Every structure is written in structure tokens, then in C-alpha cells.
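Notes to accompany the following structure.
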Amino acid sequence: MKRRWPLALAAAPIALLLMPAAPASAHPLGNFSVNQYVGLTLRPDRIDATAVVDFAEIPTLQATSEPTCADLAVTVAVDGEPLQWTVTSGAFARLDGSGGLKTSRLTCELTAGAELSTATVTVDNRYAPDRVGWREMTARGEGVRVESPLPARSVSDELRTYPADPLSSAPDVRSATLRVTPGDGTAGAALSRPGDGFLAGITAGVERRFQDLAGGRLTPAVGLLAVLLALLLGAGHAALPGHGKTVLAAYAAARRRRIRDALAVGATVTLTHTGGVLVVGLLLATSSTLAGDRLLGYLGIASGAIVVAVGVGMFVRRRRAHSHGHSHSHSHDHSHSHDHSHGRQHDHGHHHGHHHHGHHHHGHHHHGGGRLGLAGIGIAGGLVPSPSAVVVLLAAIGLGRTAFGVVLVLAYGVGMAATLTAVGLALVAAQRRLGRLPRLPALARRFSRFAPAGTATLVMVVGAGVAARAATGVF
């Protein structure tokens, strides 16, 4: 019986992974998001609106004062003439979020008088335009007919219940033009709810459980479970699609067929990610104006730029090696015929066929550049902190468990590094097996001549893609 507890403890994180995910109520665009909803109801003599702002954990933590309905930036115009909103009611509430942190919700009911028998209505929402978030609008008519590109009902129940997997189709509606005519009803867009992906639902559920463990009752068993879960989540985070760092780090680790290179990349990722989470967490905890999502975006751009620089370095070293890869063949044929007469005839035909040098410089490794490349790949792989790790750290700090939060962040980074190192070691083993083959086919030998340049180009392309993807959330 005493031997069963280690097995049970090891199986606990797996059980958590397999448990059904919690309802999809967490913020789908992350703990840094500011999510907004504007619902219009058009009547013959007025326009009513419900405006909701749902602040995720980090913006709520950073806020120094409660937002009010006067802070909203929803504007409406009828036939080009702007209307003046009147606030009929407003409410602000703080709700329980992930990791013991709070979220907040501002709900405002607005109205504006207008003659809408036949009119063109334009609506704009310019609140927090630089923040990442779910932006949704609806429109319906009562006593008038509304032709609208907007749906009549909210896909998120006015930001109360988000779909589990909306990332491919999260709404970002900031303005709309509506056509009002006599009649009744709404000719709007069909309600399309993004699918609740199974994998996305499980991943989101596990992330929430990880964050909740950091803020719950802390016992030795719970602490160890949280560390194990952090390791698993870090490993899974590094393996998710879209993380070009996995492929790049694996190639860099296997480039010279050395196991220590794979370990070096993993260690660099761990240190960089842990340091990044600590720095970002400190900045967010001490600043009320810093937009965490934009900060992560800038770090993503820097990560992509580092990868591009590594690819350029690989390409340059390849070109230099190629330019010095000529073969110096020094053929010195010394044909010395020494005819000595020392009582006996020695016919020494000394044909010194020495000095046949074949200097193949392309076989030399530039270890300095290689080490810099490995360091660059490791830094790029861990430079962008995981938002979940940041939330866990901030929650632990808020509960006076800073050391425990740092341990969880470190475990998360070790998990990321484990995935990268494992892939690198697998490629090291694969390359060594290929190296033992007696003779490669002619096609493979021909391909191997272009493989280094092709790999360098691929690294540059992937790095540019990482930077471009991050830039879309910043600019």
C-alpha cells in the first residue's frame, strides 16, 4: 500500500488532463484582454444600447480606479448627424477569475432620441482600440425594419459565456452601418457561433486548473501536483502548432550532432522564459498603464528578429565555408637520381612523391558562430512569456506566495525546455544513424550539398513569420 502513493501522485496530472474541461467562460483571447459588446435596439423614436466591457485578470489588476459609463467611446449617428447618449443605468462588478485574481465587468444602458422612419445609422466603438479583445456588436429592430450586417443575438450572451475555440473567428467588429426602413424585424447576419474545439477546450480547462492551483489552499501534495502540472503544461506549450521555435531549436541542437547542444538550448530556453516571466510580471504589477498584450507582441517581434539573425548567420557562414572549400593539391615530384660510386654501385632512385595536400576547409566547424546561433535559438524560444505563467506569478505574489510562484514558473520553463531538448536529441540520434550508413544514394549526396543553405533560408523565413505574426497584434 505504501508504494502506491508515488504512482497515484504521478497519475494525478494525467487525470487532470483527462477530466472534462470547465465551461467556456474564461476569456478566450487571454488574461490580458479587454472584451467589448455593444447591442443596439432601434425603435421609431430612439436608439437603445447595451454596452458591456469585460476586463480580464491583468487589466483588472492594473486598474487604479473603477471605469464608468462616461469612459465609453461608443458613438452613433443618424444620416450623418451624431446623437448624444443618455446613461439610464450603469453597474460595475468584480468577479472571481483565474489563479485567485479578479476580473471586472462594466455594464451600461444607453439611450438616444432619433427619428428613424427611414434613416441610415452608423455606429462606432473606439474604446481601448489598442487592447486585444473580443469585440462584438448586434442590432435588431422593434417597430422598424433594420437591414444590418450584424446578427440580432449575441454569440457570447453579452460576454457571459465565450465559445471554447474562437481564435480562428473571434469577432473584431468596431463599426457598422445600418439601414432603417418602415416595417418590423431585422434582416441581419446569421448567428454563427464558433465551434467548441475538443482540444482547445481541454487545453483551456487545464490552463485554468493550473492557475487555480496557484491560488488555492497550499499543502505539500497540492504544491507538488502544481509543479508536475506546470511541467506538463510547459512541455505541451512548446509542442503546440505555430511554435516555430520547436523546429528551429531541434535543428540547432542537431546541427553538429552533439547531445550537449540540445541540452544547451533547453537550458537557455528555461532561463530566458523564467527571467521573462519575472520581468513582465514585475512590470505589470507596478504599472497601471502598460498594456501586457502589446508588451508580449513586442517580445514576439524581437524573438522573430533573433531567429532571422540566426538564419542570416548560418547562411553567411555557409557562404564563407563554400568560398574556402577549394582543394589545394600540391604535387611535388622530386625525382632525385643519385648515382654514388662507393666501391659498390648504389642506384638510388629516390622518387619523392610527397606533399599531396587536400585542404578541405568546408569541413571545419565555426564553433564560435555555432554557439551564438544556439544561444540565439534558445533565447528566441523562451523570450515570449506564457500568459498563464504570468498570471500564476501575479496570483502567487498577491497571496504572499512569491517563492512558490517562481518555482511554478521555473517548472513551466523546464517543461518547455524538455520538449525542445527531446526533439533535439531525437534528431541527434537520427543524424548519427544516417552517418553510419555505408553509402548514401547519389540523389541524397546531391541534396546534402544544398541542405545547409536551404535550412538557413527556412530559419529566416520562419523567423520573419514569427515577427510578422506578433506585429499584427501591435500595429
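Yeah, the Cβs are placed from backbone N, Cα and C, and that goes for glycine too.
Remember, TrEMBL labels are computer predictions, not curated facts.
The signal peptide annotation in TrEMBL covers 1-26. Residues or ranges marked as transmembrane segment in TrEMBL: 218-240, 261-284, 296-316, 372-397, 403-429, 450-471. The region 'Disordered' annotation in TrEMBL covers 319-369. The compositional bias 'Basic residues' feature in TrEMBL is assigned to 319-329, 347-369. TrEMBL lists 330-346 with the feature compositional bias 'Basic and acidic residues'.
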Contact check, the transmembrane segment (218-240) vs the transmembrane segment (296-316), 3+ Cβ pairs under 8 Å, seq sep 6+: no
Intrachain residues whose Cβ lies under 8 Å of the transmembrane segment (296-316), provided they are six or more past its termini: 32, 244-245, 248, 252, 276, 280, 369, 372-373, 376-377, 379-381, 383-385, 387, 452-453, 455-471, 473-474
Best-contacting stretch, by C-beta pairs under 8 Å, relative to the transmembrane segment (450-471) and drawn from 261-284, 372-397, 403-429: 372-397
